[in-house]
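What follows is a single structure, written as structure tokens, with notes after it.
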Amino acid sequence: MSDDEYGDIDEDVWDVAEALTQASQTLPSNSPHRRKRRRISSDQELDDYNDDGLSIQQRRRSRGSASSDHDEGDEKRQSKYRIHLGAEEVPAAVIMGATQADGMPDSSPYRIRGPIYKRPRPLPSPELEPKSTQALASVFRPTKAQKQNIVPQPAPAAAYDFSKELEDLPSDAFSPSPPQQGMSTGLITINSSPPFESTQSIISQRLVAPQNGLRQTTLFGGRAPNQAPSSTQAKKVHNYLVDKVPEPPTHHSLDREAIKTWVYPNNLGPERRYQYTIVHKGLFNNLLVALPTGLGKTFIAATIMLNFFRWTKNSQIVFMAPTKPLVSQQVKACFEIAGIPRSSTTMLTGDQTPALRAEEWDEKRVFFMTPQTVENDLKTGIADPKRIALLVVDEAHRATGKYAYTKVVEFLRRFNKSFRVLALTATPGSTVEAVQEVIDNLEIAEVEIRTEESIDIKEYVHRRDITEILIDPSDEIIMVRDLFSKALQPLVNLLCSQKAYYNKDPMSLTQFGMLTARKTWMASGAGKSANMGVKGMMNALFTVLTSMGHAIKILNFHGIGPFFSNIKDFRAEVEGNKKGGKYKNQVVNDPDFKKMMDRIQSWINKEEFIGHPKLTHLCDTVLNHFLDAGAGLTGDNMPPSSTRVIVFTEYRDSAEDIARVLNKHGPMIKASVFVGQSDSKRSEGMNQEKQLETIRKFKAGGINVIVATSIGEEGLDIGEVDLIVCYDSSSSPIRMLQRMGRTGRKRAGKIVLLLMRGKEEDSYKKSKDNYEQMQRMISSGSRFTFRHDLSARIIPRDVKPEVEKRFIEIPPENTQDPSLPEPKRRAKARKKPAKKFHMPDGVETGFRNASKLNGNVAGPPSRIFGIKRKPNELNDDELAPIPLLDSVLLSGRDMAELDRRFLRVPDGALEEVEMPDLTAQTITQRSLTMTAKVSHGKYTRKCVDLFSKLSRSQASEDRDIKPYGDEAPSDLGKMPTMPLEAELARIPKAPKPTQVSKLPQVTKTTSAPKKTPASRKAIPKKAPTRRNRPLQHENSDSEDSTASMAMVSNLRSSQIPQPTPDSEEEGPGERVDRTSDMEDLEASDDSDLGSLVDFIDPTQIQTQMTLTGTSSFSSSPPQMERWDGDERQKRRGRGGLLGRAVERDKAKNLSSQRSIPTMTQESSDDDLPTIEDLVRGDTTTKKTVDFPSSSVLSSGKKATPNMFTRKRDGDVRGRGAKRRIVDSDDSDE
């Protein structure tokens, strides 16, 4: 036997392990009492078991081979699911299979396979150590979970305790030995799961679900510390690929070639990975970038602006910064880094007029502006919100409340759904709520935040040494505090007596504390139930002590000088009786207050007096810094110092006091204040021009120390600043980080904090801890809700731009002119443009009727509200496109269609086109019908209006005789006929008239006038109205024909005999002229339209005339026919138009035989059709019928139907005997 077959285990240990290979064995009992050790079988049975054809060594050799005896059918039938078996059905061999190998040959499931080991070498067996024995026993001891879930099967013999058999085994009894022939080298995993047969390698596979019931041990065999048990259910995490929300296409015009790539400039040297990542994410998401100062936020903004400038054709890009110095700083970055052309760039502030800004919005594409200017231009309509594609917001932590940043984004969202937002800041906010408000107001979808400890920016962050100097108050400050405290003590005691304030130390007063106490007292029961006198007293106390709290803060943190200036203003107000009061006078007149003011006045008069110990440490720090930098060397050829210092303070009075003290150490120190634009009571503000001039001198070396207020905390990029001195501390982490970020941009910097021991020291620690906590929260993103729904991609989803890293060529125009791209004022100032109202897409404009407010009306807004769009004006200079020749020539098929439909007519059809019948569709003529392409003209509308008004103006009995009537008379068969032959024989010829009488003029009145017979007195001529006369006569030369017609009518009416009252025969009556008709309609609104006579020019109608082919006027009246009963029945039977046509034919034949013209006068156009031919379409000869005159109607006689029949057949043709033509400009179809 070779050495490889031996292990490190003693032979006696192997003999003990052989006892475990019994054929039938059950699990240990769950009984709490220990059972006795007892043999289950004799030695002979054990020997038989060893000799049954499968020895122990053979089984040991066969562990390395896989179970090759399984047929393929068993493998196919094996399911991936297992059936759970109860504890009583699980054999001991399966439960204890953790010590067995999977590759054993088939055997009884109740047989326990031998342990994995190697035979020990023949050496003296060492003594077993108790620790190893206990460790090995712990491996085989069943766990608590197994004891609870396993119930032993009943057996004839008592259960055997296996753990006692293995107590003497060492800890490395089952460690693997060098591989033997036929034995696997794979590792065996001990677990609580039952072994499964597999044809694969015996190397254990890791399961996804966590395993239960395991006990972890250390490398030396000891038990690992207990941990919380894992859940029985495996925690599965599914990474589903959710489809993105469909996004409507952008309305911006994109360059399809440019959007295939995005440019990353290499002008500034090697690439920074964090900048590349932020730029790539900012191109497709609304991004909030939070980077420490000096890490290239300006470069990131310029790169994104460059790509949007390339991608869009005419869209606009807006960069907003709170101050003009920050705006000008970004302008230079875009010119020198991104290479955006200067001709497309402008910088607009409130200094430019609205008219000048309107020109820039029409011509430029890139704008650098303050947020207030952008807001005003959007509200007035100067800027088009739909054209803005990118909005860059610098110092984004200001976007809270009602600041202009918030209003601009809100205004853009109303009109524009597709624009990108890039927000830049160093400190997003000091609280979770503030950061969430910034995210909501700017519609942020992603956040890229880095701290100074981030791995990818550590190599670019310069070292900053922060030094904290704790200062105690001076003796002068302590003396002033004591005197001031005594002066305020009575007021504080009075306030505490009302239980409104509980701290009786006046030096602990603060503005915030007083405001909070006042609000609390007013809301309490004592404040609500107090009378007006008490409320007035409390309000006065709170007001005085609040102002005193501000003065105490200045005294403690800024010095005696600023404190004296504040108190002096307070005293001046009281002594000048401007805002005097009981309690203010009490403070001013207090002896301790007067003593304090006198002492301060004597100190300030001394030049060497320094009002606060901070000033002493400040001067020492600044002087040492310049001496270390070599600035103290003097000489003619010495260059100016390259180091710079910035001192930050909160108040303007303190800044002026600091600059005064520092300038005493000149010329080494040249200090200047840097404040805002507003003026205070004691100092003048700095406009933007002065601010830019101060920064320019600071960079050039003319000024080496700037004493700045909060205006200098944000955004100033002055790379040579090596020392920052914080004269006062702030509890806001935003302000502290902004101050510290002014140094360490291009080289290592130093920060010195001057802190008063106590409250100011605590404020700084608070801000520092708050900053670190907020950075961790923002980085995790678990506490914030981002607006992914409002972040549009703008670029189509099918387009994936690829990066193009290249050197950007700067246009020559960007370097030739170093000035800012501010628009210059024109010689002639333009007027302020009118306000424009931009409408969102799909908005409803106009007014909606109340009947359509239910929202059920579908269609475009123009159809809902009846909006008439103005047609686009055609450009006269623009040439019409010339079509192709084949598109305008007729093809063979078109020629066949032309010949079939238009050149040939079917057999039997008339080849002549008749005149249109104006009485065919009278109802349709009174209203406008629908049109498809060509709308109705103005003359068509006038004619339709005329026809409808004429129809409304007629009485019900007159509609039948008018040319525009629709209904036939219902009593046509009852009308008698006059014997025309007899009447013509009796009536003599009428003498020639010597004087023509004119018709009376119709006068418009508001009430119906009295009807009078026609007068023969001449009246003035009525001037024709061309506007209301679309129908004109061909030869209208005069207006005398109207009088001639009236004369003829009167002569005929005088010659016709009138029937007696008893006679059944009706006389012809008088002619119904238009005067009586118009008199009936004068009271109506439409009476001013006149009648058809007004539209007919009667100048060509003579007193007596004879028309060829028609009836003529005669001096003798026609004979009237008498109708008998049979004839009346026949006429009634024929009825309507048919009977009228038959009667007309008879009258025509009789008139042609009897009528003798008395006067012949032919005009040059007698061959033309008459008005009746145009109206009725009948050019045949018609019977002359007299009409009843106006005298008959005016005399009170009843008009008979026969009168109107004659009127329709005769007088219409007499009055309109000439042809009328239609004016050429009245035709619109």
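Keep in mind that glycine also has a Cβ here, set from the backbone N, Cα and C atoms.
Positions annotated as ATP binding site by Swiss-Prot, on the basis of sequence analysis: L291, P292, T293, G294, L295, G296, K297, T298. What Swiss-Prot lists as compositional bias 'Polar residues' is 21-31, 1099-1118, 1149-1162. Per Swiss-Prot, compositional bias 'Basic and acidic residues' is recorded for 68-78, 955-965, 1068-1077, 1173-1185. Taken from Swiss-Prot, the feature compositional bias 'Basic residues' covers 825-837, 1018-1030. Annotation comment: Swiss-Prot describes 1003-1012 as compositional bias 'Low complexity'. The compositional bias 'Acidic residues' annotation in Swiss-Prot covers 1078-1088. Residues annotated as domain 'Helicase ATP-binding' in Swiss-Prot: 278-446. Here Swiss-Prot flags 20-85, 811-855, 952-1229 as region 'Disordered'. For 394-397, the entry in Swiss-Prot reads motif 'DEAH box'.
The local packing around L295 (ATP binding site), expressed as other Cβ atoms within 10 Å of its Cβ over all shown chains, amounts to 22.
Its Cβ taken as reference, T298 (ATP binding site) is surrounded by 19 other Cβ atoms within 10 Å in the chains shown. Taken together, the residues in the motif 'DEAH box' (394-397) have a mean pLDDT of 90 on the 0 to 100 scale. Around the Cβ of K297 (ATP binding site), the number of neighbouring Cβ atoms within 10 Å comes to 25. Taking a C-beta cut-off of under 8 Å and a sequence gap of six or more, L291 (ATP binding site) has these contacts in its own chain: K297, L424, A426, E448, I449, R450, I457. Its Cβ placed at the centre, G294 (ATP binding site) has 20 other Cβ atoms within 10 Å. DSSP labels the residues of the region 'Disordered' (811-855) in these numbers: 8 helix, 0 strand, 37 coil.
Secondary structure of the motif 'DEAH box' (394-397), assigned with DSSP and counted as helix (H, G, I), strand (E, B) and coil, comes to 2 helix, 1 strand, 1 coil. The number of other CB atoms found within 10 A of the CB of P292 (ATP binding site), across every protein chain shown, is 22.
The secondary structure of T293 (ATP binding site), as reduced to three states from DSSP, is coil rather than helix or strand.
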